[in-house]
Every structure is written in structure tokens, then in C-alpha cells.
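Colleague: For reference, Swiss-Prot lists these features for the protein:
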type: SITE; residues: 33; note: site 'Transition state stabilizer'
type: BINDING; residues: 68, 69, 90, 189; note: substrate binding site
type: SITE; residues: 251; note: site 'Transition state stabilizer'
């Protein structure tokens with residue numbers, strides 16, 4: 001009986017720990033980039049959707065930007081279309097673009113919307129073509145000293161955030177597929193991390209949350225210990241020291257750019273951990289790496 005009562009008291013303490021964060025974030029926008037293993041594993045998918053629904057119910061304005069690489073790969077295999085990647089970006093010809101748009105907008109987006117709605121949320125699925133939310137141009141990159149394009153891969157030129165704001169500040173949860181629209185009316189596939197960062201900046205979001213398949217930024221290459229909080233300057237120093245490397249570099253640089261454009265805090269968290277969003281947002285220590293312009297506490301009990 002005593003053990004049972006201790007458990008109940010512990011649960012109450014956890015709820016009280018969340019109180020200052022709920023107070024700080026009430027009415028604020030939180031942009032969540034949903035991707036990685038959390039999109040594949042059904043239990044993780046459920047826990048992320050529960051977290052997002054709860055954020056809305058306690059007064060925050062969650063905005064979801066999703067990837068869909070695994071779904072796209074499955075569809076391309078069905079159509080016998082082979083994928084090629086250059087510098088981590090999918091080389092997207094017309095056939096690949098048609099499949100990517102069909103999958104991201106018609107399948108992945110609607111599945112997320114459906115799950116959120118089943119949990120009591122009011123999710124609305126859109127892509128960047130709707131209301132010209134994501135305006136873009138063809139992305140160019142340099143390969144062997146020569147500028148080249150990657151087909152129908154887009155570079156964002158403007159975010160028209162009014163539609164997202166109208167939905168998020170009302171009772172709805174916007175769920176956004178990373179397809180943009182060019183001046184010529186052509187649709188383009190855009191990296192979901194990039195879309196999430198630009199939307200967070202346009203909305204002046206309090207938080208940008210990137211769900212990944214890694215625990216966060218490690219103290220060094222030989223350590224499993226995660227750095228809970230970094231300033232932008234400290235993160236850049238770790239890149240220069242090659243402690244942050246590989247696929248983590250564009251994620252960290254995207255976080256820093258979002259901070260420069262007005263986002264309050266950015267987070268790189270492990271989407272493989274159940275209820276990762278709640279654990280990162282509402283606990284003093286968090287579970288991943290938070291990147292800020294400066295280390296400013298939300299309240300005195302916060303541990304950075």
C-alpha cells in the first residue's frame with residue numbers, strides 16, 4: 001500500500017515539475033519536425049501523436065512538419081523507380097516527384113491527420129502548395145566545381161504563414177507536407193528539416209523540435225553522454241572541432257539559423273524514446289540537446 005502511495009506521490013511531483021513550463025509556453029507555438037523511426041514504429045507513432053494532442057489541450061499551438069522517406073522509398077520500389085542521392089538530397093526527376101507528392105500529401109499526411117483526430121485533436125493536413133504557404137525555386141548545388149540542380153528539389157524563397165497561424169491559433173493542429181510551389185506552378189520536394197526551421201522562423205515559434213534517430217549532441221565521439229544545452233556559439237565550436245559531424249551538422253546549423261530568425265529555443269531529440277516531446281519540454285533536464293542563442297532560464301529550477 002505504501003509503495004502504491006509513493007508511486008502516486010511521484011506522479012504528482014512529475015506533474016508539478018511540468019507546471020512552470022506549461023505556464024511559460026501557454027499560447028506559444030511549437031513546431032515539430034516529425035520523422036525518422038518514430039514514423040515507422042507503431043508504438044512510437046502513437047506516443048508522438050498523444051504528446052502532440054496533449055500539447056494542444058494544455059494551451060500550446062503545435063505545428064507538425066513531417067518527412068516521409070520510408071513511404072516514398074516503398075512507393076518508388078513498387079513503380080520500379082530507382083533513387084539516387086547527392087549530398088544527402090534525393091535526385092528527383094519528374095517520375096520521382098510525382099510519386100513523392102502523391103505519397104507525402106495523399107498518404108503520409110492524411111495518416112498523421114487521421115491518428116491525431118482519433119485521439120481527440122482537430123488536425124488539418126496541408127502542403128506548401130495550399131495557399132502558396134511554401135514558395136520556392138529550384139535548388140542548386142555544386143558538384144566537382146560545377147553548379148547543378150537535383151531535378152525537382154526546392155529551395156525555400158518565402159513562407160506565407162497566415163494560413164498556418166489561422167489554424168494553429170484556433171482549435172486546429174496544422175500538419176504540413178514538405179512540398180513547395182515555384183513561380184511557374186511547378187511543385188518541388190523540400191527537405192523536411194529545412195521546412196520546419198523556416199516555418200518556425202516565420203511563426204516566431206517559441207520552440208522548434210527535431211525528432212531524429214540519435215539521442216542528441218554528444219560530448220565527444222567516444223562518449224554516450226549527451227550535452228543537454230548549448231548556445232549557438234558553443235555548437236559552432238563543436239562543429240569546428242569535428243565533434244559534431246556528418247548528418248548532425250545540417251540539423252545543428254538549421255537550428256542556429258532558426259534562432260537567428262527569432263525562434264526561442266531549438267531541440268534535437270531522440271524520436272525513438274516514447275513520449276520524447278513531453279520528456280524534453282516538461283522536465284528540468286530533458287532528454288536531448290537544446291540549442292539557444294544564450295543560456296537564459298525559463299525559471300530558477302531549470303537545469304541547463
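Every residue, even glycine, has its Cβ placed from backbone N, Cα and C.
Remember, it's a predicted structure, so these values are computed and weren't measured experimentally.
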Colleague: List the residues in the vicinity of the substrate site, defined as same-chain residues other than 68, 69, 90, 189 with C-beta within 8 angstroms of the site's C-beta centre.
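Modeller: So the additional residues around the site are 67, 72, 100, 104, 178, 192.
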Colleague: Given the recorded positions 33, 90, 251, and counting only Cβ atoms in the protein chains shown, which has the most within 10 Å of its Cβ?
Modeller: 33
Colleague: Just to verify: the residue among 68, 69 with the fewest other Cβ atoms within 10 Å, which of the binding-site residues is it?
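Modeller: If we count Cβ atoms within 10 Å for the binding-site residues 68, 69, the smallest count is at 69.
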Colleague: Taking DSSP as the reference, which of helix, strand or coil describes residue 33 (site 'Transition state stabilizer')?
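Modeller: Strand, per DSSP.
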Colleague: Specify the count of other C-beta atoms within 10 Å of the C-beta of residue 189 (substrate binding site).
Modeller: 27
Colleague: With H, G and I counted as helix, E and B as strand and the rest as coil, say where DSSP puts residue 69 (substrate binding site).
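Modeller: Note: residue 69 (substrate binding site) is helical by DSSP.
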Colleague: Please find, for 68, 69, 90, 189 as listed binding substrate, the greatest distance between any two Cα atoms, in Å.
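Modeller: This binding site's residues have a maximal Cα-Cα distance of 12 Å.
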Colleague: Tell me whether residue 251 (site 'Transition state stabilizer') sits in a helix, a strand or coil according to DSSP.
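Modeller: Assignment for residue 251 (site 'Transition state stabilizer') reads helix.
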Colleague: Tell me the Cα distance separating residue 33 (site 'Transition state stabilizer') from residue 189 (substrate binding site), rounded to the nearest angstrom.
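Modeller: Just about 16 Å between their Cα atoms.
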Colleague: I need the nearest neighbour of residue 251 (site 'Transition state stabilizer') among the recorded positions 33, 68, 69, 90, using C-alpha distances.
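Modeller: Result: the closest of the recorded positions to residue 251 (site 'Transition state stabilizer') is 33.
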